[in-house]
Amino acid sequence: MSKAAGSTQTLKNRFRSDYCGLLCPEREHGSVRLAGWVHRKRDHGGLIFIDLRDHTGISQLVIQPEQQELFAKAEQLHVESVICIEGVVVLRAPGAINSRLASGEIEVVVSQITVESNAHPLPFPVADEVVTSEELRLKYRFIDLRREKIHENIIFRSRLTAAIRRYLEEQDFIEIQTPILTSSSPEGARDFLVPSRLHPGKFYALPQAPQQFKQLLMVSGFPRYFQIAPCFRDEDARADRSPGEFYQLDMEMAFIEQNDLFTILEGMIEHLTRTMSHKRITQFPFPRISYKEVMNRFGTDKPDLRIPLEISDVTPLFVGSAFKVFANSTVEGSCVKALVVKGRGNESRLFYDKAEKRAKELGSGGLAYIQFREEGPKGPVVKFLSEADLATLKEHLGLETGDVVFFGAGKWESTCKIMGGMRTYFGDLFTLDKDELSFCWIVDFPMYEYNEEAKKIDFSHNPFSMPQGEMEALETMPPLDILAYQYDIVCNGIELSSGAIRNHKPEIMYKAFGIAGYSREEVDARFGHMIEAFKLGAPPHGGIAPGLDRLVMILCDEQNIREVIAFPMNQQAQDLMMGSPSEVTPVQLKELHLKVELPKK
């Protein structure tokens, strides 16, 4: 734990004069008082050794048998008991030095032990990082948080948050807290509702994000706002998403353009990574990739750029081809995509069967491929292609003997997504550097999309973003061709945040919503307070809100977001330690004028 702690100022009182992880040879012969938890206890040839742990690390204690009363007390100590000791620092013998401990050159000969809390048997060990079920870890989270890795994660999170505050304050940002009890909004995920006692039949909602408040702060004349904001969404858990609540670095700025925001956020991330992490950013400034380009090259708007594979468009090569499956996908709105995997053309049939199974899971009818072997091209589609077709394909894709190329054909978006899924699948063939951070900005998202179910034009991303070209674009361009000032920041295949330059002009907002089928009256009914504010002097503004939990998860090398949250819920949105959610008393329900009707089993 010494790596995470690094404290240099000790609070000296009757419990301690020093911290365990900071004792060094210069303190030889010095008297010390230490306090902490019994990490391990060992009996060696009549001597009792105790590893005493505090938040800075471990010191080894020695209890000698000549001190019979002290020795007897030490014998009765259980692991994880809390003790305070007095003793003298001595140097260890050369053969007994422990290079894994910061205090490994010294030990403390104990003269007095005070037991503050004698621990009962533990549900799982702290000293040995044994595999323990997540349910048990969450039920006894206060025990789990003593374990070294997760303890360091929580301390790192605190320091990262403090560093974020310092950086943004130096950039003239103002930290402002926005309300936790607010109004419900039906547009996003499910709200957590809070019944009002003073206003029977009415409800507050916990904020899914401070979106409207931060925009109103721009209208209020605050130039740069930020907040480490708690957000609440009633949605299911994932490895990178905690159910119920999460924290985001909420930011908004007035009088900015898209690149201004990029410069500030990527500058902050580069600073944090360089000063607080051993990880490396592969490219800085972060590359900007349009939505159209990222889908064409990587098949997803959340690409892991560490995977050394790219999708190629081979649609023109199959215009008029005798292979009708591909030829029929050369019309407007469709495409033929290829994914080359170098050096894998001689794999067994099982390799290709597994790949085809994955393609079908992604929604494909099958998986066409060509192996370029010594004896010539092989594969299920070779018989449909002429020698000239194969030669053109080989030259266009730079194929060599030993390579294999996989194909996808059909509607552009679905084909891109299937091939993107296969790119990720084949990414497992490569050893990706976990210390490499490949950030990128995804820009130029479409403003609208066609909703097949509703048979209408709908917003594709954020309805409150400014369309590129503003009113002129809305009045003169086909809706599906209009782009928005919307952007995502992605790292190693994980989306850290979405953001946008906001639409602060009421007439453009009415027009944008009108294209999506909303009347002026509907817009006023849903967003009247925002429209009213924008009519009273609103500056151009934009923002973003990267997930703090996800950023900590990436920098701490964790695959599960619950490893960087002190008291997370489980996958079923339950707090096993506190027993929530729980039933409430009839008196509480009566005060709120509520009656519980459970679903019939």
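Here the Cβ of each residue, glycine as well, is placed from N, Cα and C on the backbone.
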Pick from Glu495, Glu507, Glu591, Glu597: which one does Swiss-Prot list with Arg233, Asp234, Glu235, Gly547, Leu548, Asp549, Arg550 for the same ATP site?
Glu495
Examine the ranges 75-78, 211-214, 239-242, 271-274 and name the one recorded by Swiss-Prot as region 'Aspartate'.
211-214
In which DSSP state, out of helix, strand and coil, do we find Asp234 (ATP binding site)?
coil
Could you state the CA-to-CA distance between His44 (site 'Important for tRNA non-discrimination') and Arg550 (ATP binding site) to the nearest Å?
45
If you average the pLDDT over the region 'Aspartate' (211-214), what number do you get?
95
Leu548 (ATP binding site), Cβ-centred 10 Å count of other Cβ atoms over all protein chains shown, is 23
Can you tell which of the recorded positions Gly95, His461, Arg502 lies nearest to Asp549 (ATP binding site) in space, using Cα positions?
His461
Among the recorded positions listed here (Gly95, His461, Arg502), which has the Cα closest to the Cα of Arg550 (ATP binding site)?
His461
Helix, strand and coil residues within the region 'Aspartate' (211-214) as assigned by DSSP
4 helix, 0 strand, 0 coil
Given the recorded positions Gly95, His461, Arg502, state which is nearest to Asp234 (ATP binding site) when distance is taken between Cα atoms.
His461
